[in-house]
Amino acid sequence: MESISEAILYVDEAMLIFARGLLGITFRKSRHLSAATTTFTPFPQNFFFFVNTFLCLFRYPFSTNNNKNNNFNDIFDDADSIKKIIREEKWEDFRRFDSPIWVSKILLTLKKEPRLVLKFFKWAKSHTTAEDYCIVAHILFYSRMYSDTYDVLKELVTLTNASDVLDVLWSTRNACHPGYGVFDALFSVLIELGLLKEASECFLRMRSFRVLPKARSCNYLLHKLSKLGDKNSSLKFFDDMIKSGIVPTVYTYNIMIGYLCKDRDLNAAKGLFAQMKDIGIDPDIVTYNSLIDGIGKYGELEDMVSLYKEMKCLPDVVTYNTLINCLCRSGRMVVAFEYLHEMKKSDLKPNVVTYSIFIDVFAKEGMLQGAIKFFVDMRRVGLDPNEFTYTSLIDAHFKAGKVDEALKLVKEMLEVGVKFNVMTYATLIDGLCNEGNIKEAEEVFRVMSKDGILPNLEVYTALIHGYIKSKKLEDAFNILEQMKENNIRPDTLLYGIVLWSFCSDEKFEEAKVLFDKMKGLGIEGNYVIYTILADAYFKAGKSIEAQNLLNEMQERGISPTVVTYSALINGLCRLGFMPQARMFFDEMIEKGVKPDEVVFSCLIRKYQEIGNLEEVLALQNEMMKRGLMAITSDSAVHNIQT
């Protein structure tokens, strides 16, 4: 019975190979065993060979008068002879046969000897078809030689169309006892090779065969898709998993919740969090940390704390770092310190990230001494600063005007072997440019390129700002062109810097052209952009254009700030349009925008000039109620506005 089954399988294999030849997907390797490259045999060259081979085998599958074929069949009838040839590597005994079918025949004959199968397959690759690869994969996987199975499938996928491999693997599934784990192996290989689209398509076709990959492999694809930032594909595949009956694990939900939180789609993340609890999957520490971080960075601090208190698992260092980071960046330093103390009471030691968070916040708030204290403390407890720690402290020193100390820290980084990241370079370039050291900034920019670190938007913005401050507009525009070549799109801040430079030089037409170009690219101006332009128009005596800009700003739903109103009121006062200035003053109070010393002082000075003492007294009384003091000099007003 076994010999009959093998004969039927043999004929099936011959028919299958013939069909594959007709479809043009058979391939051959170079005759030389050392050749590293594979060449595909074009369909027309082997067409008649396949036809003749197939007809011959179909009519006379195991006997012929030809001595050559007699020897061929004699060898196949004796499995021990085949094993001996392979063990002793007497490959010349096989070289007499030039048929694409004898390889698969030997592979099937040896299926109970997987190591011999692999040895023979490696030698016979110059004669192999896609079917041979798949037969070997089935045999090896069934024999639990998983690593070798993966290698064979990887090679096959790289040699032929990935979408065809599943068909061939399915058609050869009876090469040994049917097993479906090998299909999961193919699915995993596609993911590992970065063929994510093909893997997603493979999943759907496997589903049609009612052969599904393991949840672990599906999580692998989901993780890869989320890392690429492909939201639509991630959500679709997650949905396909659920609909296919694959039971998601906590890791599945962690991948999706973490990705959605980073994408700031909190509603979807919260929905999945509720869903996983509904189906009986308990969130773990990773789930909570992702959601706490997402909610906290979105500014929903009360919800963040509530979720923390809801946790059924013990918080770890990441949990506390997340809470501290979100609270610090929201200005809730006191509460952040409370969590730091709670963390220490829980016998959890603050790590480099914890210290770096506090150093960065102190640095950004201009509290240099506080940043230095944490820097010293972290070293005292045996923690080495990383590139983020150094970068924050360097930035703090630059902002405090302590350039020498900042450069000492840069030197220290180099001495202890801490590599600069792109933000370190951005901070260094920005600090040097602000000090007017444009030559040194250019040198840092060149060193950065030599180190193989691509400049980001922050680096370009710092350098352009430096060039504009140094009145080197041509160099600034050259950098803008370089950004364009590197596909880095200027943001609102960078446009604001360039617009400010145009307005400072009274190049209003150039500013208008740039502003229109900015809107044409879909970059919405913020209140800073509109304020810069409106202030410039007022200074040029173009009050109508300035007011039109502010009207456009409000039509776009951009709320004016105290800075915007300050520029507007100051401009109108300078031009003597007091009714309009007073109207905007009343408007800002109605909208809940608190006027500052600059706004009051502009109005008071102008009313004094025109002799309207009643308004002067009224405004002075209002200032006293608000605890504000008038600014008396024009230069002081100008400095505050700038």
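Every residue gets a Cβ built from N, Cα and C, even glycine.
Curation does not apply to TrEMBL; its annotations are automatic.
According to TrEMBL, the protein has these features:
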- 214-248: repeat 'PPR' (REPEAT)
- 249-283: repeat 'PPR' (REPEAT)
- 284-314: repeat 'PPR' (REPEAT)
- 316-350: repeat 'PPR' (REPEAT)
- 351-385: repeat 'PPR' (REPEAT)
- 386-420: repeat 'PPR' (REPEAT)
- 421-455: repeat 'PPR' (REPEAT)
- 456-490: repeat 'PPR' (REPEAT)
- 491-525: repeat 'PPR' (REPEAT)
- 526-560: repeat 'PPR' (REPEAT)
- 561-595: repeat 'PPR' (REPEAT)
- 596-630: repeat 'PPR' (REPEAT)
- Message: Counting only residues 6 or more past its boundaries, what in the same chain has a CB within less than 8 Å of a CB in the repeat 'PPR' (421-455)?
- Response: 387-388, 390-391, 394-395, 397-399, 403, 406, 410, 413, 462-463, 465-467, 469-470, 472, 486, 488
- Query: Across the repeat 'PPR' (456-490), what does the pLDDT come to on average, as a whole number?
  - Reply: 84
- Other parts of the chain folded back onto the repeat 'PPR' (351-385), taken as Cβ under 8 Å at six or more residues beyond its ends: 317, 320-321, 324-325, 328-329, 333, 336, 340, 343, 392-393, 395-397, 399-400, 402, 416, 418
- Query: In terms of Cβ proximity under 8 Å, which residues at least six beyond the ends of the repeat 'PPR' (284-314) contact it?
  - Reply: 250, 253-254, 257-258, 260-262, 264, 266, 269-270, 273, 276, 322-323, 325-327, 330, 332, 346
- Item | Contact set, same chain, for the repeat 'PPR' (561-595): CB under 8 Å, 6 or more residues outside the stretch | 527-528, 530-531, 534-535, 537-539, 541, 543, 546-547, 550, 553, 602-603, 605-607, 610, 612, 615, 626, 637, 641
- Task: Quickly jot the same-chain residues contacting the repeat 'PPR' (456-490) by Cβ under 8 Å, restricted to those at least six beyond its ends, or write none.
- Result: 422-423, 425-426, 429-430, 432-434, 436, 438, 441-442, 445, 448, 497-498, 500-501, 521, 523
- On the DSSP side of things, how many residues of the repeat 'PPR' (249-283) fall into helix, strand and coil, could you say? 26 helix, 0 strand, 9 coil
- Tell me the residue counts in helix, strand and coil for the repeat 'PPR' (284-314), as DSSP assigns them. 23 helix, 0 strand, 8 coil
